[in-house]
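Visitor: So TrEMBL lists these for the protein:
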- B:Arg94, B:Asn148: substrate binding site (BINDING)
- B:Cys170, B:His200: Mn(2+) binding site (BINDING)
- B:195-410: domain 'Glycosyl hydrolase family 4 C-terminal' (DOMAIN)
- B:Glu110: site 'Increases basicity of active site Tyr' (SITE)
Protein chains: 4
Amino acid sequence: MSLKVVVIGGGSSYTPEIIEGLITRYDQIPVREIVLVDIEAGAKKVAIIEALSRRMIENSGYPIHVHSSFDLRASLEGANFVTTQIRVGGLEAREKDERIPLKHGLIGQETNGAGGVFKAFRTIPVLLEIAQAIHDICPQAWMINFTNPAGIVTEALLHHSPHKKVVGVCNIPFNMRTGIAEMFSCPVEQVEIEFIGMNHFVFGKRVFIHGEDRTTEALAKLTEDKVDYSPANIVSLGWSKAFVTALQLLPNPYHLYYFQTEEVLKKDLDAFRNNGTRAEIVKQVEDSLFLTYQNPSLSEKPKELEQRGGAYYSEAACNLMESLYTNKQDIQTVNTLNNGSIRDLPDDAVVEINAVITKDGPRPLAIGKIPPHIKGLIGHMKTFEQLVIKAALSGDYYDAYNALIMNPLVADEKKAKIVLDELLDAHKEHLPQFYRKGAVI
Amino acid sequence: MSLKVVVIGGGSSYTPEIIEGLITRYDQIPVREIVLVDIEAGAKKVAIIEALSRRMIENSGYPIHVHSSFDLRASLEGANFVTTQIRVGGLEAREKDERIPLKHGLIGQETNGAGGVFKAFRTIPVLLEIAQAIHDICPQAWMINFTNPAGIVTEALLHHSPHKKVVGVCNIPFNMRTGIAEMFSCPVEQVEIEFIGMNHFVFGKRVFIHGEDRTTEALAKLTEDKVDYSPANIVSLGWSKAFVTALQLLPNPYHLYYFQTEEVLKKDLDAFRNNGTRAEIVKQVEDSLFLTYQNPSLSEKPKELEQRGGAYYSEAACNLMESLYTNKQDIQTVNTLNNGSIRDLPDDAVVEINAVITKDGPRPLAIGKIPPHIKGLIGHMKTFEQLVIKAALSGDYYDAYNALIMNPLVADEKKAKIVLDELLDAHKEHLPQFYRKGAVI
Amino acid sequence: MSLKVVVIGGGSSYTPEIIEGLITRYDQIPVREIVLVDIEAGAKKVAIIEALSRRMIENSGYPIHVHSSFDLRASLEGANFVTTQIRVGGLEAREKDERIPLKHGLIGQETNGAGGVFKAFRTIPVLLEIAQAIHDICPQAWMINFTNPAGIVTEALLHHSPHKKVVGVCNIPFNMRTGIAEMFSCPVEQVEIEFIGMNHFVFGKRVFIHGEDRTTEALAKLTEDKVDYSPANIVSLGWSKAFVTALQLLPNPYHLYYFQTEEVLKKDLDAFRNNGTRAEIVKQVEDSLFLTYQNPSLSEKPKELEQRGGAYYSEAACNLMESLYTNKQDIQTVNTLNNGSIRDLPDDAVVEINAVITKDGPRPLAIGKIPPHIKGLIGHMKTFEQLVIKAALSGDYYDAYNALIMNPLVADEKKAKIVLDELLDAHKEHLPQFYRKGAVI
Amino acid sequence: MSLKVVVIGGGSSYTPEIIEGLITRYDQIPVREIVLVDIEAGAKKVAIIEALSRRMIENSGYPIHVHSSFDLRASLEGANFVTTQIRVGGLEAREKDERIPLKHGLIGQETNGAGGVFKAFRTIPVLLEIAQAIHDICPQAWMINFTNPAGIVTEALLHHSPHKKVVGVCNIPFNMRTGIAEMFSCPVEQVEIEFIGMNHFVFGKRVFIHGEDRTTEALAKLTEDKVDYSPANIVSLGWSKAFVTALQLLPNPYHLYYFQTEEVLKKDLDAFRNNGTRAEIVKQVEDSLFLTYQNPSLSEKPKELEQRGGAYYSEAACNLMESLYTNKQDIQTVNTLNNGSIRDLPDDAVVEINAVITKDGPRPLAIGKIPPHIKGLIGHMKTFEQLVIKAALSGDYYDAYNALIMNPLVADEKKAKIVLDELLDAHKEHLPQFYRKGAVI
């Protein structure tokens, strides 16, 4: 059997990683065709990526055919895997998600707080359309989403799209495992972290090294040896001994937005006044990466790519494709329906969890109850996520207000309205659902 | 049958209200003896209250014997009802609960945030001892608690005391009903509000006037007519139309700490710099009240008492005693075990809820699921409450840290530690459980 | 305000009881018009009932207008209450429900076992049509159902009809209270039984006399004094001391089908061979009652009616109407949505439970968890009920098979198929849903 | 590392299978010592087994030391795995479990109905003592239980023993997979059945062949091709098309006791009158097997052993030991704590479920809700199991009555008492907990 992979958002600077991943796994998953799909506005970028991909494949010697397309539906014919890594509104939209909340003294970040809410509002309808196209044209294909906010988006797809073969992936769990492997000087394959929670709000509950429970040591090292496993886009401030000892859990890097809010806000406001937002930094990094990519003598993924916050996203996606195709039954951390694995969350909630990956999809491991001290907070965040999805679909002003007021990084009766109104206006072009006739704006 | 009521904290300025309530209901509940119990440090106050109570009873003509005592266990002999309204550490402690968090830019309030946590830490062990005494000496008696934080304290009692005949009451639900009665120009008896949540975090879900659902009107009036039902200790800033329309719920006055945090903090910081904290204002009010009480020609509850934040607490307590004694089976709002009434909270959680009051105790009405948009937040607050109780009993430093870090008004990794350390030190005298040998401080 | 009551199945021999109930309560609920609705096949009976009703009302002196009609929709205009007491297929169908299972050695009873399943299959579609008519014509009206199997039928209505103002009533809880009142020589008003379970499968968990828990005595009296509270249609065999002592619950009379199956079956088979089935006995009783009713000098409910199994059904219905109309807020036992009152059953399950009756409908009291030893059995019966409803609506052969195989009185792979096939054939006329084109029969 | 395995009940005729299993897996789990522990009454048998085991090991060439012992605690020193396959009271007790219920017209079987209840009563206290010894002497060891009723016994151990490293295994899931492998002509390793339920009451929900869902075909073959996967001790009567089509589940062989009760009872009563009970047949088979075992030229597991009902029990146990030791992370079907894997059962219920086997123990896969049509029945059986455990520990007469009355194969108020009294008397010697001073018998 020969396989076809469709990469939606193929012009992304991360694409070379996915090309490398597919080359590396060729013996396990014999991919013969890769289509890089993008929108016409991204034509220049996708051409650069396509050319680099060709050089990489040629260098590998494998008979893989890569080409690009602006025609989504045509590209999907016969696909076995479809990956989605899109950014509706581009980095310009990200900049607004960051700047507008900051202006009002709130965390401005693209996957958390008010900014994350609006990224979800813009993204969910577009991904639902893509999922519908997959369902119509290649219903056998697995859709592997790594578009952020990955957990919320995956839940929206699994609830509201007829296509049910959808898995969400994030690089954070992989990064945490890598960090722990360094901590214990062991190969990453020997590290299992029992994760509990949702994407960007997940905790590590237990750490196993080759099947042995080493949680206590891992927690001690985290504060005593100041071990850090944050990705490039999050400047870690470290975690205090009191916090980690009391929680008895591994926080994930995004938790700093919730537990170090004031300090992060201060740093971000400083950055905002001086160098600009993260979106602006990313723009520069991207420009530089694309210059590198155009080097005709480059025929492998450049090292610089690993410095980006999203590094290893594609690694996670390729691991997943391999196990789905081969029925490997190994354990990976994915975003999938809870289905009972976490007792205190609804069955139909998407959680970030360890699952056995089979040809039939991920089967999450049951991990029982959430530890009592974080049960409430995780439940609160899940409620928030559900409110975001509801509003993204309804385009209802008050639904959107509820999503914002229930976000712990907003939670202010008056500011909720102010940032809601400004963000709705700023993103008008990409939020048609809120501007339908009769809508309250 | 002749009844005996023991008022623990009998020297409280609120006691005349309870005396009035028992006089008014003499025909339904024939109380023959009232004991005002207090600690010796309160001797002067309790003597004033005792004298006023005697004049009030004499004026009523009923054969009720009132006297004061410093001997708790002796006073409990033969009691039918025991009310508890104590303040461990007095107003001095309250001042610390208010000042220390404020100093670090956090809400300083005696029932919410870090201050509320420490009020619970001081109060729970004392009330558990009282409950044990009741269990030993008058196991038939109902313990009616209105010591704050009333919900948390009642849950601690119901879980950890052998005495199970405990009900918690608060004046907020009564005040809200009174406010709605004014809104609809009807007698308060015709108003039923379906409450959902916990003490000081309760929402009004539906409003019935003589059995008819008038919720929509009530919500509209709340923002359009600017109707207010806040007690005297909370200066309401009003609720915006967006907030009430999105929530479709009646907030309770304490919700402003959670949804108008920044503004309240600003106001409190200003007050803190100018007039001092609420504790200091209350001290002045109390001094003035006790002067009035000493007037030998005063033989009824003075009007000024109704200006205090806690007005109608005793009204609620007396209503409860009447229905418990007569098996009246009317509906009252009490703090009692959930027992399934709210689907999304544990059975053994104490909730503030409408219940039919029988001789056998309150039987809560089932109200099913929490509305989705507040489900997470209410669950989060209940988790917080459970962490407070756990720490109040264990005296464990990290348990206390967890309670603080999970409170939405603290939620800061570093500040949690700072206020924890300062409050533990400031309240050392009243927190023996945290200073046992071997404890981590 | 003047009220209108529509009695569907007005030609029933039980109707005089409802007429009496409305006369007695005239001061509380001023009914001015009663319509007795029936099918034309019942013309003769309804005429007799109408005439008797007129004489009863004339005798009372109240200005109530009673008349009969075959036109359901016309009758519903302006109705405030609609009661439903119908028997689709008449006593002939009942006879089949009893005879066919017995023939194969299974319990033959009209509300339990295979017979009960088929009564539900015939009844549910007809009552759904009636509910739709109520919704269209008098949406303000309460529909009070006492058609059996009352619990299953009420759940079907509350799930599948747009009309949500539906309450189910049964005489069993009332009979049990009456029995307990006799046991304790006290007025029935002072007896409260905490019921748990579903219609015809309900247990008494606690017994209160004027608010005091007297459960232990009640259980002892039940076996020691051989107190019986069975209705006329169930010949009680008594309960053994072992059974009641182990259960620590009051069984209801219908429990004998489940716990004395072999003996009941033996008795029924004997009766079947000698005197005929219960249906045949009832036919004779009915004939005799209608003869009595025709006596022109009779102007009150005859005593004989109280000897029937369904006595006090109408009493329960009239109590309910009074409290719904006056917002009385007393406690009655009704069939309504669980809504959390029983922790271990779904919120949308109809249960037989104590509820406060308000103008807005019944609000069940929360009673928490089912006692562990009957939790499984009650859950099993509820599952069975849900399967019956599913099949009654789908008309699917295998859905019907699942309902039968999961009934503890059938539970036999081969007999399930045999009685299914025979009953489907015997009731063909009244089961159009199973005989639609394409259905598997 | 060298491993030690202790086989409790080492004189069982099944032991050669476990010896064979350990020889076969020597390269994965290097076992150096095997102790066959038994009671002195079994001295003759264990000597035969010990001799045969030695010949088998010698034949294999591996350096494994096998010996027998009557001293449990001494044997446990340094053990890594302890298997338990005991029969308290021997085949004589089994005969009573079978004969006494049959005498009263009830199913007589050693793991179902009244007989199974009493096997649990006899076994649980003995296994709890063994688990305590393991906890004291070799706390690092895994206890692998295959003593029946395996699910109930494992739950009792996991709830009431301090030793938590306990897993229960049964051969039924393995047999079902083997049957399906034959059905699809594929290796058993490629077959995964998603199991749901409890030991001897488990259903196959989905069938996967190399990761592909082939459930529909499997169900069709089961009835159309009359494929059978019953073990030797259950004479299958086959399943009807109606039953399997309606259920859409694979029944397990023991389900015939519940869904073909009358027929099985008839067959067993016939057998009872002619050849005697299953216990008596087993006695003959055992005698013959032990004769074979004594043949000094026999140095491998004889084929006859595979004809017994318990064949492949040891295979399941050896697979488990291998994966626990090597952290293999493959999927096996075990009896372990639910921990959320089945939504509708409590977390602390033992279920028979697919789990990933790690060095840290089994991690069950989450499978979500029980299909609605069997949800009630499975819940009912779990309640029954819990009542059995409660009574086995309390030795309370009424607890035992409740266990019997709630068993669907008893469920008769009077017979429950009769068989309870007779079985208590017959097994008196092995039921000290029911004969303590003050107990009600």
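The backbone N, Cα and C atoms fix where each Cβ goes, glycine too.
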Visitor: Give the distance between the Cα atoms of B:Cys170 (Mn(2+) binding site) and B:Arg94 (substrate binding site), rounded to the nearest whole Å.
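Guide: Distance between the two Cα atoms comes out at 19 Å.
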Visitor: Take the C-alpha atoms of B:Asn148 (substrate binding site) and B:Glu110 (site 'Increases basicity of active site Tyr') and report the distance between them in angstrom, rounded.
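Guide: Just about 8 Å between their Cα atoms.
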Visitor: Round to the nearest Å and give the CA-to-CA distance linking B:Glu110 (site 'Increases basicity of active site Tyr') with B:Arg94 (substrate binding site).
Guide: 6
Visitor: Which chain-mates of B:Arg94 (substrate binding site) that are at least 6 residues away have a CB under 8 A from its CB, listed by sequence?
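Guide: Once residues fewer than 6 apart are set aside, B:Arg94 (substrate binding site) is near B:Arg87, B:Glu110, B:Gly115, B:Lys119, B:Thr277, B:Arg278, B:Ala279, B:Val282.
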Visitor: Near B:His200 (Mn(2+) binding site), which residues of its chain come within a Cβ-Cβ distance under 8 Å, counting only those 6 or more away in sequence?
Guide: B:Thr111, B:Asn112, B:Asn148, B:Pro149, B:Ala150, B:Gly151, B:Cys170, B:Ile172, B:Asn252, B:Tyr254
Visitor: Going by DSSP, give the three-state secondary structure for B:Arg94 (substrate binding site).
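Guide: The three-state answer is helix.
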Visitor: Looking only at the domain 'Glycosyl hydrolase family 4 C-terminal' (B:195-410), report the model's average pLDDT.
Guide: 92
Visitor: Across all protein chains in the structure, which of the recorded positions B:Glu110, B:Asn148, B:Cys170 has the highest Cβ count within 10 Å?
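Guide: Result for the most crowded candidate: B:Cys170.
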